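For reference, the structure discussed in these notes is given below.
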Ligand SMILES: NC(=O)C1=CN([C@@H]2O[C@H](COP(=O)(O)OP(=O)(O)OC[C@H]3O[C@@H](n4cnc5c(N)ncnc54)[C@H](OP(=O)(O)O)[C@@H]3O)[C@@H](O)[C@H]2O)C=CC1
Ligand SMILES: O=C(O)CCC(=O)C(=O)O
Ligand SMILES: [Mg+2]
């Protein structure tokens with residue numbers, strides 16, 4: 001039986017807090033069917049500690065749980081519940097290291113610049129914890145994300161109220177993208193004929209060469225591509241759009257994925273900061289360089305470091321920055337009350353979650369006066385920007401979507417074996433000077449090359465053949481199971497997609513597709529096709545690469561269900577195990593701020609509840625543990641009751657929050673177990689708890705609500721104190737006694 005444990009991941013921010021109340025419930029229930037829940041730490045703090053054990057005491061050390069789980073994904077019995085973790089930008093990493101240092105952990109600071117060999121080595125070590133460092137390790141399978149039937153039905157019956165109308169006429173919202181010089185325009189792609197071991201080499205215009213990356217293994221049948229973002233074209237694009245937004249009186253916003261695309265996107269972000277604040281930053285370039293201010297970390301980094309200057313220079317720079325706003329368009333605000341703009345830090349506006357809000361809010365974002373205003377949303381690269389423009393145009397024509405009637409767009413996403421990890425990893429570089437960046441095989445033959453100017457961003461990416469085959473098969477299976485059309489969002493005009501299209505055309509005939517409808521369309525057309533069906537209440541499956549997987553699995557859930565937290569997010573591992581991700585969104589830092597301020601946690605753990613169902617089902621199916629199946633069925637019933645009785649957390653203090661929601665889930669789960677007749681032991685085991693939970697409903701609610709309305713002390717942000725956090729997240733003695741007594 002020990003082989004059939006569930007791994008529960010310890011993460012950060014809101015889902016980590018939520019686990020403090022949910023995990024004791026899960027453990028109490030699963031132990032009755034002989035399943036242990038083991039916790040493995042993949043939090044940002046945990047990963048930093050695991051990577052820098054050198055100067056830590058034994059009680060401070062944490063093992064490298066991420067690598068351990070990476071290995072586990074190769075085990076056919078792997079059963080991992082993966083909660084969303086922080087993919088840290090540099091400001092987040094700095095903050096986490098600072099907190100650990102203050103707590104007595106002797107961990108080095110992240111070197112902002114690699115001035116010495118030692119700095120470079122440290123930076124390399126930190127690369128293991130920076131950005132999207134967890135998901136690619138665990139995602140050894142493709143992705144199947146959809147709303148469970150019960151969740152979608154519930155959303156239609158009780159439509160969320162977050163949708164704001166689109167102005168009937170005169171909406172000036174738009175997506176602004178480049179028309180040349182971007183990754184889309186420069187992409188080259190090949191399907192490898194033979195295995196190869198490649199290097200990425202930079203050849204400078206003066207003839208000197210430098211190896212940027214050695215020993216990239218490429219397998220026959222693998223698709224490899226390279227692309228370049230021209231920094232000159234990018235900066236011209238920003239300048240043009242800033243002027244256009246100013247002229248048109250719209251807000252300016254930038255939407256990137258600096259956390260996941262951890263090398264390319266902070267640079268793309270930094271150019272936007274430097275173009276926007278050009279007048280001030282160029283005037284004071286020397287002083288700013290001296291204090292190490294880095295535009296890639298956002299305006300916040302510059303403002304903070306001004307303290308290192310004398311008062312007079314500081315005041316002068318601040319005044320010049322303030323002057324910039326007279327000539328530039330108004331910026332979209334992240335927090336207008338605190339004056340935090342879209343260009344403050346690179347991790348505040350993450351495109352997958354930020355663009356759906358633009359659509360939800362009628363093409364608008366918040367301005368400095370705390371009002372919604374039409375926005376020009378800059379998404380520089382055309383690979384994905386165009387499909388967002390399509391949905392904006394659709395709304396401008398047909399108005400806002402109606403969650404009560406709209407159809408669903410689920411997703412089958414290609415991501416196994418680090419497929420299409422664009423810009424996020426070890427094959428993205430900023431060109432040191434003008435020249436050529438070449439990918440060459442071990443015999444020196446050129447596979448691909450790109451011409452670059454100084455500062456251009458070069459990226460290479462890979463997709464292995466086996467994941468593509470698996471993805472096509474998964475798409476066919478989903479289309480059969482749902483009986484709705486599946487659309488491959490692939491653009492013949494894009495080099496990479498053209499290679500993938502020929503593979504899709506090769507692999508589709510390996511399956512019986514006679515009874516299903518399959519299309520291949522470029523993203524704009526696929527969007528239009530899907531939206532037209534959505535408006536008629538019809539469902540469609542989007543079959544996409546990794547990036548569109550990420551974008552669409554926030555976009556449609558946020559429109560349909562109000563949040564991507566309500567998604568079922570399954571990763572059937574290629575070796576046979578299961579990775580069950582919870583929701584499709586992130587770790588909601590805003591929720592933690594509210595919790596710390598007023599003791600109310602509005603995180604909805606529905607994603608966690610939903611993920612546990614297939615996890616238990618997998619155990620039942622693999623081990624013949626019939627009790628696990630009874631537990632899964634009862635949990636399904638409990639989720640339906642949870643939704644029908646509106647027990648999701650409220651957004652407002654002194655109303656039900658995450659802790660109350662988890663109490664109700666436990667009560668409904670116990671009730672369903674007590675009511676079933678398939679397993680007598682479970683019936684008897686849960687009957688007393690079901691009764692006690694129901695009898696004490698009022699008392700428990702009272703105790704849980706009494707914990708709200710005041711600041712919550714948990715002793716840290718990245719590494720909260722377990723005792724303090726437990727006290728905050730389990731404040732009902734009555735509830736604890738019943739759960740611990742099961
Ligand atoms: N899979 C992963 O591991 C992922 C991790 N991340 C990480 O998350 C952090 C924040 O990213 P960000 O893009 O701001 O996205 P978040 O998804 O954390 O937040 C966006 C908004 O989505 C809503 N939301 C998301 N999940 C829930 C939930 N369970 N219950 C209720 N509402 C929810 C909230 O909206 P509202 O406030 O309006 O209620 C929230 O403010 C980053 O550090 C990022 O790296 C991001 C994406 C995926
Ligand atoms: O890995 C990440 O940083 C984010 C992943 C994500 O947003 C997703 O998978 O939906
Ligand atoms: Mg996402």
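Each Cβ is built from the backbone N, Cα and C atoms, and glycine gets one as well.
Site annotation (TrEMBL): NADP(+) is bound by 82, 83, 84, 85, 86, 87, 586, 587, 591, 602, 603, 604, 651, and the candidate from 135, 696, 701 recorded at this site is 135. Site annotation (TrEMBL): Mg(2+) is bound by 550, 554, and the candidate from 326, 335, 352 recorded at this site is 352. In this structure the alpha carbons, written CA, of residue 82 (NADP(+) binding site) and residue 138 (substrate binding site) are 9 Å apart. Counting only residues at least six positions away in the same chain, the Cβ atoms of 47, 66, 87, 88, 127 sit under 8 Å from the Cβ of residue 133 (substrate binding site). Each residue contributes its Cα atom, and for residue 135 (NADP(+) binding site) and residue 549 (D-threo-isocitrate binding site) these two points are 13 Å apart. The binding residues for NADP(+) are recorded as 82, 83, 84, 85, 86, 87, 135, 586, 587, 591, 602, 603, 604, 651; their greatest pairwise CA distance is 29 Å.
Over all protein chains present, the Cβ of residue 132 (substrate binding site) has 20 other Cβ atoms lying within 10 Å. For the pair formed by residue 422 (site 'Critical for catalysis') and residue 604 (NADP(+) binding site), distance between Cα atoms is given as 30 Å, rounded to the nearest Å. Among the binding-site residues 134, 137, 138, 550, no residue is found with its Cα located within 10 Å of the Cα of residue 602 (NADP(+) binding site).
Less than 8 angstroms from the CB of residue 549 (D-threo-isocitrate binding site) sit 143, 145, 411, 413, 414, 415, each of them six or more residues away in the same chain.
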